[in-house]
Amino acid sequence: CLCNSDGPSVRGNTLSGILWLAGCPSGWHNCKKHKPTIGWCCK
C-alpha cells in the first residue's frame, strides 16, 4: 500500500496501510481492491 502519509520508507515510498474487512473508514481511501469486501486503506 503506497501512500503519501507518514510511515516507514520502502524503496523511496512511504507506507501507511491498514487492512479493513468492510471497506474503508471516512477520510481513508482504498489503494488496492483485493476483494470486493476487503480494503487496503490509507490516509
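Cβ atoms here come from the backbone N, Cα and C positions, even for glycine.
Annotated features in Swiss-Prot:
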- CYS1-CYS41: disulfide bond (DISULFID)
- CYS3-CYS31: disulfide bond (DISULFID)
- CYS24-CYS42: disulfide bond (DISULFID)
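Rounded to a whole value, the Cα-Cα separation of CYS31 (disulfide bond) and CYS41 (disulfide bond) is 6 Å. Within 10 Å of the Cβ of CYS41 (disulfide bond) there are 21 other Cβ atoms, across all protein chains. Cβ neighbour counts within 10 Å, taken over all protein chains shown, single out CYS42 as the most crowded of the disulfide-bonded residues CYS24, CYS31, CYS42.
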